[in-house]
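Undergrad: Pasting a structure below so you can have a look.
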Amino acid sequence: MSRKYFGTDGVRGKVGTFPITPDFAMKLGWAAGTVLASTGTKEVLIGKDTRISGYMLESAMEAGFSAAGVNVALIGPMPTPAVAYLASTFRADAGVVISASHNPFYDNGIKFFSNTGTKLNDAQELEIEALLEQALEHNALQCVASEKLGKVRRIDDAAGRYIEFCKGTFPNHLSLAGLKIVVDSAHGAAYHIAPNVYRELGAEVISINDKPNGVNINDHCGATHLDSLQSAVMIHEADLGIALDGDADRVMFVDHNGHVVDGDEILFILAQAAYQKGEMQGGVVGTLMSNLGLELALKQMGIPFLRAKVGDRYVVEQLKETGWQLGGEGSGHILSLQHASTGDGIVASLQVLKAILESGKRLAELKAGMTKLPQVLINVRLTSGSADSILSKDSVKQAVITAEEVLGNQGRVLLRKSGTEPLIRVMVESTDISLTQQQAEYIAQAVKVA
């Protein structure tokens, strides 16, 4: 059975448009609270990013949980991985994040974490959706008796606790003293956290894009827009730059030359560091979108590599199935399960900084052992029709077959629908950049006219 509202990363959409409305959020809170209460849940932790709509959705979720008899603890603007961590340490039974991650301010979303800091499984989400569907259909929800209504409290020291957690993942014998780091917080949830983590570990920090106003989150900044970070690194002659997205669950780097270091290269750096120290546990899990260059570089070290479906939840599932520790996506979702239960941009960045200090090499040198194959990604926005119906059309299938024949064994083609937006992503990868671009545009055109 497929999920109707939960995409690859919870529920997400444009604010004020179903399902991101206060009415839906309240009913979702009630449905989730009812399901969680049936397993003994007494309290849920709610965090959010810096979008102006977060206040509205937070209040609606509060009401829904209270109606289901579940207490709520509010921690304010906080990175997604912080909610996962704090839900466990505060002994809450679940965590809720109100965020649309790297999307613009006019989008928002809602996702859940279990009390172990992992995302809810598909079965739990389906159970929540079934109750939610009833509430939406009948435009009503069943409130518990007055004496059993949930209470709400606010936690004031959550940021400090999470800062200490992040610092605790960095070895005590190492210091960032002598490093000049530019930090781009994307005007997002880590604006009051990330710069302090690096400063308290000894670095000289230049903090940019750290003044959220409710509407500037991810606005030409952060992990998805690296131009301002690249400029700042060069202007300040910094050793490197670190960019987080709006909810700080992904990270990207810029080296001292102003060159981008993406998630695939971060995975290579971390795997290489572990391999050289004899600490590599198993292999690495990437996704269908991971660059072939990563797989080839790991193969040279004898490190196994598996591809999961796109989405960090599926990377986590694959890691748990294999018992491996390291995985992630090119977009900067990095999973290091010995340190955190979910993708954590700050924690991942500290592991890269650890590799830099222990190797005595600069970031540009560490990534040099991996050669990325030219990869072209074209996002085709859908104006009509569903992604599934378009992907099933013969004309699109034939375009893919033709492109694969042209590329031969020197490349690969991947078409997939976005789990969060009305998009079909066309990815082509090969050793020849001009051929890669040509075939990607050919397939994208076939998708557009399908």
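For all residues, glycine too, the Cβ spot is worked out from N, Cα and C.
According to Swiss-Prot, the feature phosphoserine maps to S101. Residues or ranges marked as active site, phosphoserine intermediate in Swiss-Prot (evidence: sequence analysis): S101. The feature Mg(2+) binding site is assigned by Swiss-Prot to S101, D245, D247, D249, with sequence analysis given as support.
Can you walk me through where each of these features ends up in the structure?
TA: Counting only same-chain residues six or more apart in sequence, the Cβ atoms lying under 8 angstroms from the Cβ of S101 (phosphoserine) belong to D9, D49, T80, G109, D245, G246, D247, D249, R250.
In three-state terms derived from DSSP, S101 (phosphoserine) belongs to neither a helical nor a strand segment and is classed as coil.
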Undergrad: When you tally the Cβ atoms that lie within 10 Å of each candidate's Cβ, which of the binding-site residues (D245, D247, D249) has the highest tally?
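TA: Of D245, D247, D249, the one with the most crowded Cβ is D247.
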Undergrad: I need the neighbours of the Mg(2+) site defined by S101, D245, D247, D249. Which other residues of that chain put their C-beta within 8 angstroms of the C-beta centroid, in sequence order?
TA: D49, P79, T80, S99, H102, G188, A189, A223, L244, G246, A248, R250, G345
